[in-house]
Amino acid sequence: MDRTKRRKIEKEASLLNERNNLLESDFANCYRAFQHQLKLDQQIWRGPEDELNRLKSTIYPVVFWVDGSEKLHAYSFTQRKISLAKNLIPLFSVDLNKDTYSALKAPLKIWSKLWEDNRRLKKIIKYTSYVTVKGSELILSFGISILDSFLAPQDAILSSGSSSSYTALLDYTFLPSEDEEYSCLDINTALFYDCARKLAKSLRFANVSRDPRLSSELLPFQMRVLEWMKRREEEKFLTSNDLPPLWYHCKSLFDDRMVYVNHVYGYMTFSKEKTYLLASGDIRGGILADEMGMGKTLEVLGLVLHHQLPISLTDTCTFDQVVGKNVKYSKATLIITPSTILDQWLSEIDLHVPSLKVFHYQGIRKSNGLKSAKIFLDCDIVVTSYSDLRFELLYTESHSRTLRHEKRHVSPKSPLIDVCWWRICVDEAQMVETSQSNVAQMIYRIPRVNCWTVSGTPVRSEVDDLFGLLFLLRYSPMYLYKKQAWMQIIEKKRVREFCDLFGSLVCRHSKQDVEEELKLPPQHRICMTTRLSVVEETNYQDLLSEAAKSLHFFKDRNLDLCDEESMRRWLVRLRQACCHPQVGFGNKSAFGGGPMKSINDVLVFMLEQTNSTFSSLNRKLYSDKIIVGQIYDHIKDYNKALAIWSEVRIPVELAVKELENVIYNSKYEDHGKNLPINYFGLDHFIHLRVWYVLLHKIYFFIASAYFSLKNEKFENEFYLLAQDLRRKIMSDVIIKTSKHLEEFSEKFIPKKLVKIPRLQKSYAKGLITGHGIIEDYNRLYKELNDQKEVLIKFRDRLIHLMKLPLLDQESDPTGDEYEESLNAQSEISYCIDVYRQMLSDRVAAVSGTINTFVSHETELEKYKLIESIKKSEKSLDKQAEERDKKYLLYFEEREEARPKADQYGSLINIVSRLLDASNRSTSSFETSKNMEEYERIDAMAKEQSRICQKLEKELSIIQLTYNSRIEYYKQLQEISDSLMPPPVSNISLNNYVKDDEKKQKFLNSVIIKASVILEKEISEKQDEASQTTNVAELVNQKISEMNIPGHIHLLRELEEEKSNTQRKIAHFESRRRYLTNLYEHIVLKAESHQICIICRDIIKQGFITTCGHLYCSFCLEAWLKHSSSCPMCKTKLNKNNAYYIGESRDIYSRQEFVTGFNKRDERLEILDDEAYRQISNMELKESFGSKIDTISKHLLYLKHNELYPKVVVFSQWLDVLDVLHKSFEANGIVFIRFDGKSKNTCLKRFKEERSLQVLTLHARSQSSGLTLTNATHVFMCEPLLNSGIEMQAISRVHRIGQTRPTFVYYYIVEDTVEGHILNLSLTKHEQLDKLGLDVPLVGNINRTTEASSGGEQVDAAEIKDCLKMALKRLTTEDS
């Protein structure tokens, strides 16, 4: 029997067996989940009548499906998926929505879904489904039986997804008993830590004797942990009365058998013993999760001593399922740790257990050819790092590919997987990230007996992080099958199972729980409040206003509709600005990038920006007025246009004069030392040129107006002024270009041009080996000589065009002259392109070197030219078409002249071939002749090559001169473009005046006035030409062409824009005045001789307002009691708009009369007044902002008042640390940065060098696990909303081993967003303290943004809350 027939018979037998099974109700090794009968009326039968009659004496197998509308459709037996099958006719259908069937609806739907998944479930599910007839009733009998999972464990777990029909069946059949303890709980971080702490609290007195090899004394709670860890390793925990985790039992409803169920894995069995075999949960090891700084390292070392590899296992092997091979037992404990604390581990081992043999494994790539794992067998502890394991995965057998052929070079294999470690300890396991990372995959592959993950913060961001720990522990089968079992717990919210899983696996003590045993020195949390300096305050206020404008805060003072990312960005910028104006990418960009500036430099930059903006706004105002004049000139109101231009002329001429004086003084008088403050930051020459162009427009337009008014005298006067100014604008480029042209004219005369020698023909005859080569040469030499003539022709044309004089040197060019000059420029451009390509062709023919770039550029220019010709043909521009066709001929001429070196070979190639032919010649005559031709042609080739190089140098001079001409015409074009009429929308009369009587009247008056003037102008022209055309028709035609409605519409827009621009000018004028006064007081330390506007006396102590006015302190305080606006300019004043000027000329920000000091938060301590005074009096050499200065002063204070103080300075932003480092360097504070490859060296130096006062830490520096107990001070540079990041920093010093009180300082800037953030942070701390936690309940403990600069990630609700509080200080006037 062939294979096809056999398969067909087997398939038919399988179908028959499956069909017959539907008629069964009892199955061996199965649990009957349910068995029901559905009684129906015979009248619903839709199948064949004869089959219905047959049912009276027999039973009939059916399958059924419940559709989305809850209607049951029954069919004859089929293996097809009913929901997808077409053309299936049901035997009968039933609406299950009727009350009669409500009790059976759930099991019917479950049966239906299970049958849909039959192909996947048929090994573990047995179906019952058949119909019979009894009297007038049609009876549907249906049921489900579940196979004992021990018979098909893999099928069971693969079928048990959280959304699978099999899981729904188990949940329906084995409904766990209601447990009030779990009913009100959710699976979250708090639940996990609660489980861990419950286990810790349940540990009783430890009966562990002290090992003499351990040099340190264990605290009572550490002894209890040690005993628990030892028990986890040496026992199976499961007694005869216990079930493994995740299992529970219940009694069968159909018999007296006990059933054991595991919902998570999808297991069901009748034997308690089989539960251990299916999923015992009996891993040896667990998760040690004591709070940071509680001595987990010592607990692990204690375990190493107290529980070692049994002697019976020494020199024996075991089979490891993961690596799939036998591996020898090693007594060693493998400790895997972050590289940042690896040296710390080594020193701790040496300190606490010096007798143990330790080996530092640096990975296969660094271990000097270590190939054998024998060295591990003799060690007690082997230490390696995550960074080394990251590459180790590449050297595991299970990771390498199977090759078809044996490799010549066999890569070394990692020795880590060649032994079965007695114990693996993964320290700071939360840093392994995901189970898919290389480090996690490598740890998973390492054979082990016991495994521990150690972490004070096992949850980094969410509960799902715990899966990674289970993966490292090889908690089977939890980590298998694509997290299916784990997702069961999370998605189905199986709280009881979650607690069952982690309740015995994780142990966690908090400092609060064992406070009496721990006896750590007290920790003081101190709030260090400061205020922004006046410069920083100005910048902060600007940022607030920008944020409010960007987020549309002033519309409804709400942020509900704002984009979360925009809010996040602004909150970050505001927080960063509290540290320094340049912190963060956004703030740094706003200040032009570059290195961190001192506060004085920040002030100068702000002043420069204000000056630039003020100047630009003034130019815009004048430019818009000029356009208004152009509109009036267009509508024939010449006098109005002339009046506007004449009015604008005065301030523009004044601005030009002032700039000319500034430039003159900078150049000849004081060399820029006494530059007026109002001109800081301006590129004077560029600004002067822009003002010149503006003034040129005014002169030109005034001259054109006088032309229209027939005033020849003033017309000529202003045209001359415009011409003189144009030459002034162009003076630099004229001088530069003229110089280039003069030098060009001197060099490019016939006598000095490169001479191109002709090549000579070869007359060699009678050659056999060299005959073909000589023929190729004679063809090539002729083409090179022909190309030479074309090349010289193009060079001569180029030189002629380049020597043409520039326009506007002596007099204004006519339109024709201007066009001719521009055409000459275009021709030069094309000639250069063609000439460069011809040179490239010649080089290729001589040396064989092909310049593909030049070829590409030439083809591109040719393509553009062809497209231009097509465009000209469409637009019927004959002149442009003829001109471009002329240029196209240049490209064609070059192509015709190109030597065909690709056919004959280059000269160098011919020379090489001749030499080869000479060497191959057998007769002396032919050898001699070949060598003679070789030498002659070689000499010509070398000469031609040198000539090509000289020609290329010539071309580079031509190109340089041409670039100079381009710059000249570019500037001339810019001036010409500035005189173009403004773009105007084309608006019809009807559309413009629609439903607006006022507009109609104004438009009519303009048209009437324009018509009168047009009529007069047309009549005068006709009189001069003696013509008699209908004047009225011409006037109407002109009026229509003038688009008067469009111009009037533009006029309205300009009038509106004018008021907006004037408002901005007033604002920036006030700001400039304000910043100028700040500069004089802060930078120049100038004595104030300004008079108080109120009392008319000289100001000694007073206030400066943000509008730039100064008042005596007494006068302004009295004034503000009755008014809230500036006495001078009526600008609204609030708590953020006035700054105190002391007698020492120092300027301070908001004082009590403006805002009052914030009361300190009672949840934090505060320094006494004397300490504050001493810190404030510390002198700094350079200021970098209020907060940075306060930190630097505080460090200097500690240096003066303590013996070798050690301080950890922490920030979430690298930029903050950068500016701190600059301040430290400037003020003699010795520091070291914990970053980069030298982290371990940093720690060693910080611990050993007494003079090293400060260690700076960044949020992304992976400082978890660091022990810095030699430090007693922690400076938190900014308040944090993520308490996990904060605790990571603080726990570096507040931990076991600390013998002195520790101090944590929070630096807060008053009346900024930081105040609200601190309040939120303290509230979070209170919540965590109540729960006895030191980690956040939600959010990522180390989650940061901006990979280069860090920064905590803040939740959306907190972002909005903080921003709203920050923006509240803005008034409507700030908008």
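A Cβ is built for glycine as well, from the same backbone N, Cα and C atoms used for every other residue.
Keep in mind that what you see is a predicted model, and the values were worked out from it rather than measured.
The zinc finger annotation in Swiss-Prot falls on one of the ranges 624-662, 663-701, 1092-1130, namely 1092-1130.
Taking every protein chain shown into account, M292, M294 are the binding-site residues, and of these the Cβ with the most other Cβ atoms within 10 Å belongs to M294. Counting only same-chain residues six or more apart in sequence, the Cβ atoms lying under 8 angstroms from the Cβ of G293 (ATP binding site) belong to G456, K511, S1291, R1292, H1294, R1295, I1296, Q1298. The ATP site is set by D290, E291, M292, G293, M294, G295, K296, T297; from the centre of their CB atoms, other residues of the chain with a CB within 8 Å are G456, R1295, I1296. Secondary structure of the zinc finger (1092-1130), assigned with DSSP and counted as helix (H, G, I), strand (E, B) and coil, comes to 8 helix, 9 strand, 22 coil. Mean pLDDT, taken over the domain 'Helicase ATP-binding' (277-476), works out to 86 on the 0 to 100 scale.
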